[in-house]
Protein chains: 2
Amino acid sequence: MDMAADIASDHFISRRVDIGRITLNVREKGSGPLMLFFHGITSNSAVFEPLMIRLSDRFTTIAVDQRGHGLSDKPETGYEANDYADDIAGLIRTLARGHAILVGHSLGARNSVTAAAKYPDLVRSVVAIDFTPYIETEALDALEARVNAGSQLFEDIKAVEAYLAGRYPNIPADAIRIRAESGYQPVDGGLRPLASSAAMAQTARGLRSDLVPAYRDVTKPVLIVRGESSKLVSAAALAKTSRLRPDLPVVVVPGADHYVNEVSPEITLKAITNFIDA
Amino acid sequence: MDMAADIASDHFISRRVDIGRITLNVREKGSGPLMLFFHGITSNSAVFEPLMIRLSDRFTTIAVDQRGHGLSDKPETGYEANDYADDIAGLIRTLARGHAILVGHSLGARNSVTAAAKYPDLVRSVVAIDFTPYIETEALDALEARVNAGSQLFEDIKAVEAYLAGRYPNIPADAIRIRAESGYQPVDGGLRPLASSAAMAQTARGLRSDLVPAYRDVTKPVLIVRGESSKLVSAAALAKTSRLRPDLPVVVVPGADHYVNEVSPEITLKAITNFIDA
């Protein structure tokens, strides 16, 4: 069953939440312990809907458009790890539903581990998908180039989908459609990404900051998930991360590249529930 | 702090529990969710005391002398995976304290995963330490030879400790002392292992049975723990196991051989709590 295909039949509550320091757009579904989802750079909360549908029978699932992305506020500056992590803390406090399980992909994983290390009382545990310390410079260079190239005008949704399919060759068509339908806004002459290009450029630079302290100091459980053929997190970067924290469990998803939760949603879902249900 | 050193100061309740099909000796400490511990071949429940002390503030920790071992019954036959797994199910039912977290080392890991696959309603999750499918024949041959060589007469406890220190060069002295003081009984002329040699021979042969079905079919969360320099579970055996079940989290403990929980108790403890607390 293609997890992304059954989105249409389900209802998500989207709203903007003022957490004081910023207003963030969120999508919510389900009830139970609080599970928050944080997307990768340039993306938005919609990419997690397929997982949220499957988890919302047992969890309050809330996916967040992080600052500078989607329908959230886009301040001029403030796109470092701490800025994103402080937003997470502010949101958890504003929601006032107890500590949260944080599921983050890429940028979202970096931000979730940073928040867990900084605010242990607000975080129950973290599923950190495909972002670790020790990422090689070349990988970050390539990511930065892709990010900056994405900020362009597209004629229509078909053109967006074609571009995204080229940029993410392993992401299935349904998940590409989610990205296309949720991540772009009508402008004169066509469609442009919702994400602010200035914010994305700052964020991409910020991804180079040293993540070792956060991984070294985090006291909450963190599940480290890597796509076996990820071009961002190399096997060497993962091995060094495990040497830094041999007590943290690891899942390596065969056949998945950097976009693990979109390329292999079933294994990602099982990895999350194996971790949370233990 | 050497975890094994502070045993003397703590009190464990030892008793024999009749589960109908057999009577098993157990050690208990603490209160909270039920966490059961299952030792490796020829060993006994005492080896887990250091971990139990640290976990007993939050869990009812019960370590079990498995059939043929320690102070438990030693039937003539019945030392296959299912025999051991059925004992686990019988014990959980007899204890009547809800489903259990199973922490098993080696033989105990094999038995715990088998029980979890066969009795999912009785098991919450499994921490399987250094026993996976796909163990190479040579490794099992070497294990069987060591097991059969252990059944001998020792002059005194010092002789036992010297033998065990030679057989397990990486296990710290305090943990060796626990094994020596808990695993042997006075006989004419000295000390002999409590474990029945006939039972150990049958058990060692039984460790060759195919564990793939249990790992393939288990629906409960299983944390796979391997000693980085284990001579029993090779890196290749672990890789094949992860390919069989990519959704199951893995922890590889650097500097540990097969006897992970005795050689690296701190990382083992953190790996368990990271898994259980997520």
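For all residues, glycine too, the Cβ spot is worked out from N, Cα and C.
Per Swiss-Prot, the feature chloride binding site maps to A:Ile41, A:Ser106, A:Leu107. What Swiss-Prot lists as active site, nucleophile is A:Ser106, and the listing cites a curator's inference. For A:Asp130, A:His258, the entry in Swiss-Prot reads active site.
Sequence features, as recorded in Swiss-Prot, placed on the structure.
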residue	record	DSSP (3 states)
A:Ile41	chloride binding site	coil
A:Ser106	chloride binding site	coil
A:Asp130	active site	coil
A:His258	active site	coil
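For A:Leu107 (chloride binding site), the same-chain residues lying six or more positions away in sequence with a CB closer than 8 A to its CB are A:Phe38, A:His39, A:Gly40, A:Ile41, A:Gln66, A:Tyr84, A:Phe131, A:Thr203, A:Leu207. What surrounds the chloride site, by Cβ distance within 8 Å of the Cβ centroid and not counting A:Ile41, A:Ser106, A:Leu107, is the set A:His39, A:Gly40, A:Thr42, A:Ser43, A:His105, A:Gly108, A:Ala109, A:Arg110, A:Phe131, A:Thr203, A:Leu207 from the same chain.
Between the two most distant C-alpha atoms of the annotated chloride binders (A:Ile41, A:Ser106, A:Leu107) there are 7 Å.
Of the recorded residues, A:Asp130 (active site) and A:Ser106 (chloride binding site) place their C-alpha atoms 5 Å from one another. Spacing of A:His258 (active site) relative to A:Ser106 (chloride binding site) is 8 Å (Cα to Cα, whole number).
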